[in-house]
Amino acid sequence: MILIYLGCTAIAAFALALVLGLTGAAPAAVAHAAFAIGALPLIFAAMSHFVPVLTRSGGAEPGVHRLPLVLQAAGVVAVAVLAGWGPGWLLHGALVAGLGATGAFLAWAIRRGRASLGKPHPGLAWYLAALGCLGLALVAIFAGLLWPAGYGALRLVHLHLNTLGFIGLTAIGTLHVLMPTVLGKPDPQAAPRLRRQLPWALGGVASAALAGVLPWLSVPAVLIIGGVLVHTLWCWWRSWGAATLFGDGASASLFGAGLGLLAVVLAGGAHGLGWLPGRPAVGGFFMLFLLPLVSGALAQLLPVWRFPGPMSPARAAMRARLVRFGALRAVLFLAGGGLTMAGFEAALALPAAGVLMFGVALVVALAGGGAGRA
Ligand code: HEM
Ligand code: HEM
């Protein structure tokens, strides 16, 4: 139930971010509505689903399922403070709670890795790296709040470690496992590819995080992260082809998310070298990457969370409802995000329409699924 709740609140948080953005709230409040209330707890929920799969162990304990709720509460507090609705010291509380929950979750994932039946799948190392990035990002902004002279640089460390490190590494690690599941076709190259790519990806993320202090690091950051993405997208294209990838709403959306992240990384290189302003990349990351990623992943995962166990007609019906129009939604997110980044504010209506479409599909699917079960 908690997983389904977090899936639904992520979509609600994305809608909140779009509304806050349209009503002119502080940019940091808008960003944290999407990232800290929506994506952060949902990522923990997805990890609590995948860590047992990657380590061939039993389902996550109830206590682990509750940790995302702590993070979501921290996210709500962060948005309230950044929007100017609460005193600044509350941020410290949110950071302590966030760090505690991240540490507890990381310890659980490491324990599961040690207890794994055989060697854990290399996707687990991506999750540990992503959680490490989140912990460091929270420590960085905490240090920045306590040490005003370093605030500027530490804020850049915080935001790049969180977006490219925490969300980016989780996404790439998960997509290697999720894409073959979505398509129902095995990918024997996924595990070796993940093993080979991780040191590179970490180097790229570290370069981007430190590029705020040493701008030339933007060049290796773009080449390495961009290289990992191109390699992954190319391998999928070669293995399955366009007809398969775009033939299913979930895989079309996930492939679109990969392309979107590549575009945002290229834009990141441009702002890192001072050719573009950095701020539009936050909206770009949200619209070009996070929206197609989360809607595509939820279309695949929510039916499994709602109807666990072996495949059933009710699960297949719910999935069919959610993947319908998946390719169209991906086009709305990518086109709207691209145009908004290029300065056409009115194009925000396109991703807003995509979120609304997915929200309606979600309500219909959950209501219909309930009726099917009864
Ligand atoms: C609950 C945990 C979090 C807290 C308390 C927090 C706190 C902060 C603070 C204080 C700032 C500086 C705001 C400013 O200078 O105006 C900031 C910036 C930022 N943070 Fe976080 N953060 C958290 C989680 C996250 C997560 C999970 C992400 C993304 C995955 C994220 C992404 C960003 C971004 C993109 C910015 C720059 C926003 C902008 O100026 O447009 N943060 N954060
Ligand atoms: C490989 C990719 C990236 C590299 C190399 C990079 C590099 C940099 C560098 C060097 C700066 C400092 C520029 C300055 O202070 O003038 C910066 C600022 C910034 N970057 Fe990135 N970045 C990347 C990706 C991203 C992504 C994905 C986001 C989206 C969340 C992002 C959001 C920002 C923001 C909001 C700023 C600060 C703008 C400001 O408030 O002045 N960057 N980036």
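Every residue gets a Cβ built from N, Cα and C, even glycine.
Annotated signal peptide per TrEMBL: 1-28, in sequence order. Positions annotated as transmembrane segment by TrEMBL: 35-55, 67-85, 91-111, 123-147, 159-178, 198-217, 223-240, 252-273, 285-305, 326-344, 350-371.
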Chain residues in Cβ proximity to the transmembrane segment (91-111) (below 8 Å; excluding those fewer than six residues from its ends, i.e. six or more beyond): 44, 47, 51, 60-61, 64, 67-68, 70-71, 73-75, 77-78, 81, 124, 127-128, 131-132, 134-135, 138-139, 141-142, 145
For the transmembrane segment (252-273): best-contacting stretch of 67-85, 285-305, 326-344, by Cβ pairs under 8 Å: 285-305
Distal contacts, the transmembrane segment (350-371) - CB-CB under 8 A, six or more residues away: 4, 7-8, 11-12, 14-15, 18, 287, 291, 295, 298, 302-303, 306-307, 314, 317-318, 321-322, 324-325, 328-329, 332-333, 335-337, 339-340
